[in-house]
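This report refers to the structure that appears directly beneath it.
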Amino acid sequence: MKPDQLAVMHWGTYRVTTDNGKLTAVSPVAWDSNPSRIGQSLPGAVQGTSRVRRPAVREGFLKGGAASREGRGREPFVEVSWEQALTLVADELTRVKREQGNAAIYGGSYGWSSAGRFHHAQSQLHRFLNFFGGYTGSTNTYSIAAGERILPHILGDLDTLQRQHTHWPVLAEHCELFVAIGGLPLRNAQVNGGGANDHALQHWLQTLRRNGTRFINISPVKNDLSAVPDADWLAVIPGSDTALLLALCQVLIADGLYDRAFVDSHTVGFAPYRDYLFGRDDGVVKSPEWAESRTGLAAGAIRHLAHEMARHRTMINIAWSVQRARQGEQTFWATVALTALLGQIGTPGGGLGFGYASTNLAGADRRVFSGPRLPQGRNPVEGKIPVARFADMLLHPGEPYEFDGQTHFYPDIRFVYWAGGNVFHHHQDLNRLVRAWRRPETIVVHEQYWTAQAKFADIVLPATTSLEREDIGSASNDGFMIAMRQHIAPFADARDDYVIFSGLAARLGFREAYTEGRDVRAWLQVMYEQSRPRAEAEGIALPAFDDFWQQGVLEFMRPEEPQILLKDFRDDPINAPLATPSGKIELFSQTIADFGYEECPGHPYWHEPEAQYQQTVAREWPLHLLSSQPRTRLHSQYDHGSVSRESKISGREPLWIHPHDAAARGIRDGDVVKVFNTRGALLAGVKLSEAIRPGVVQMSTGAWYDPENTANAQPLDKHGNPNVLTEDRGSSRLGQGCSAQSCRVEIAKFEGRLPAVTAWEPPVFVTLGQQKQA
Ligand SMILES: Nc1nc2c(c(=O)[nH]1)N[C@H]1C(S)=C(S)[C@@H](COP(=O)(O)OP(=O)(O)OC[C@H]3O[C@@H](n4cnc5c(=O)[nH]c(N)nc54)[C@H](O)[C@@H]3O)O[C@H]1N2
Ligand SMILES: Nc1nc2c(c(=O)[nH]1)N[C@H]1C(S)=C(S)[C@@H](COP(=O)(O)OP(=O)(O)OC[C@H]3O[C@@H](n4cnc5c(=O)[nH]c(N)nc54)[C@H](O)[C@@H]3O)O[C@H]1N2
Ligand SMILES: [Mo]
């Protein structure tokens, strides 16, 4: 293996072949036991027609500036020189800063970008804006904000817990029953932010099964545990897991199966939680019979499951998806409560997990060293919004909102700067987003490809891909660090984000501060050296930078001690307390109770008004639409690549539906259907499947948004981005997380002429003063 052939992607490391400057093939590396196919999308896509070739400005913006903003997403673009583009961006930044101050610049710029640690676009943007005087940022993730917010109150910080998950080899030896809420889809463990060098999930699931572990898949979709074909399947109704978890707790207490000693020594708040479960105040016992109609699972099966859990060494894992919902916080809290009652937290093979398959990270028996990172400096602007409230922020400047016990006010944003993310992929209710997106005066996007977000921007600056620059690939729990070489020349006029920001910093008078006089290689070396103490703390002695760069690959020794989540706390709760207010697991949280949120009281809670609201909506919109992560790409990245394209049906994103639901609507396998609700409509290609609960349909996220006629308030999305249908509401006032995991829709066969999918085509370009040219 030649080290100069390696390329690191979030979904794996590959060996890259080029011929005459063209990327011709990628092949997996030897140390990856189950490589991801997504890499096969790179040849063809990286140097294809979807690339942004040159800086481009929306025609109306060039002629009339911010006053033309209604033209976003409708007007053609004019290609301009780098000189003209950078001057335009620098002038606009200066103007907005002068007129409105730095808080009027939104630089939250959420998104996964590419895997290299130096060219991480969001970090580059933040560093740049910090030297410019700051920006309004964002906090938490679309992935798991509800969980990130509830866990510190009740168990501890999620990031820390994530890295301490019980290792798979320990589970393989000790776990008797593995309960997977939201399944364990191999699909999602393909990726890990920063790199995924060995895809070991399949191996471990098979090993556990061989060792006799029984698996239970609690999900509306059977395939979520397709790696274990004989897993039991409990086809829960989407959004009802909390009812199930409460009922399991109620059985454990009612039948005397809970671990009284563990509850006494390791938790606080048992009594009020028990009182809630037994209906002391509301007269409702949260029994299996109560849960039956809410979850769609038979009361007998729920009771039986509680007994099985108590009888065996049981691991309960909850996928992140389950908290990406209204009241998503409660699904995590109820899981913590259930596993606390079982008393197996901190034992080898028992307890709980958050997202064992949500990425290729949890449970890997690798060192947790996360590798080099770019210093971002300090942001003088303090305001940060919960990331998924982006459209709310633009639509409601100056208005108050509640967040994790505090009242905040939305800033008045005039300038939006995005690099390394795609809000037209990730945000909910895209038609509402389009309305919000018309508010700011200026929108600048750095992109590699003509995504919808680029097409809806004012100024688009072409960015290089990681194959066109040098970097360092490394990710927490991955166990590797890789020297990323440049394999091909930058495409057309594309520049590194770093070079773009350096050029802007020069115009704005802080180039030296931003670059510290370094070129890319010098930065890689400095970042590498700065990571050395963190490496040492994890027992890793890094070689000299030059040796690393020459070798190309560092694989770190595996940790000597197998890791068991919260073992120290189990062994000695007094001297190894949790980072919660009480130092113990909080079955009741006084902090949360004091927030006074009716939807989020002091203990795990089923919010009946939300359930009733859902039932009302269901009368008109009978189907639950799940929007899951895509098997064939990373979010919207490489949707235009061959692996993703092959999965489409008549060019549309596939939709899974049960044959009964299809038959009731006269729909057959392979049909194109219109999926719609009050918020929007899209086209999808039908895939019939018995592996999905009737009443539920599933689409993957990531098909590039492709509106048919942008003059309409609700244009038909010809391609199938489920976010034209999802609801833009926070999980609750506590977490304000993304709640898009499911929404309500109806489906009908699409009759008439199919519009062509144009998602991956560049926009129309004009030369100023001339007719449009294609
Ligand atoms: N309905 C629904 N919506 C969801 C979810 C869901 O489950 N359901 N999941 C949510 C989750 S968990 C997430 S994490 C988000 C993901 O949302 P995003 O992270 O925004 O999605 P990506 O498609 O990864 O967007 C990354 C963009 O950065 C660009 N890019 C890559 N490298 C570079 C670079 O070096 N420089 C520059 N300038 N650009 C680069 C890519 O071309 C791509 O357009 O989606 C969320 N949205
Ligand atoms: N290939 C690939 N892998 C990815 C990504 C990608 O884009 N592509 N994205 C990565 C990112 S950023 C993230 S955050 C993670 C997300 O990881 P997750 O959030 O865990 O993944 P999802 O695919 O959204 O959901 C997993 C499963 O949960 C089930 N589910 C949905 N709703 C419910 C419910 O109400 N109850 C129960 N019990 N089950 C439900 C669905 O059937 C779905 O298949 O995935 C990561 N992995
Ligand atoms: Mo995510």
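Note that Cβ sites are derived from N, Cα and C of the backbone, with glycine treated the same way.
Remote same-chain partners of the domain 'Molybdopterin oxidoreductase N-terminal' (10-46), defined as residues 6 or more beyond its termini with a Cβ less than 8 Å from a stretch Cβ, comprise 1, 112, 114-115, 186, 190-203, 465, 467, 473, 480, 482, 487-489, 491, 555, 632-634, 638, 640-644. The domain 'Molybdopterin oxidoreductase N-terminal' annotation in TrEMBL covers 10-46.
Summarising the annotation, TrEMBL assigns domain 'Molybdopterin oxidoreductase' to 51-506.
For 623-743, the entry in TrEMBL reads domain 'Molybdopterin dinucleotide-binding'. Restricting the average to the domain 'Molybdopterin dinucleotide-binding' (623-743) gives a pLDDT of 97.
Within the chain carrying the region 'Disordered' (708-735), a Cβ under 8 angstroms from the stretch's Cβ atoms is held by residues 73-74, 140, 145-150, 323-329, 386, 388-389, 391-392, 402-405, 424-435, 592, 595, 597, 599-600, 625, 627, 651-653, 655, 674-677, 679-685, 699-702, 743, 745, 755-759, all 6 or more beyond its ends. The region 'Disordered' annotation in TrEMBL covers 708-735.
As annotated by TrEMBL, compositional bias 'Basic and acidic residues' applies to 716-731.
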For the domain 'Molybdopterin dinucleotide-binding' (623-743), the DSSP residue counts stand at 13 helix, 40 strand, 68 coil
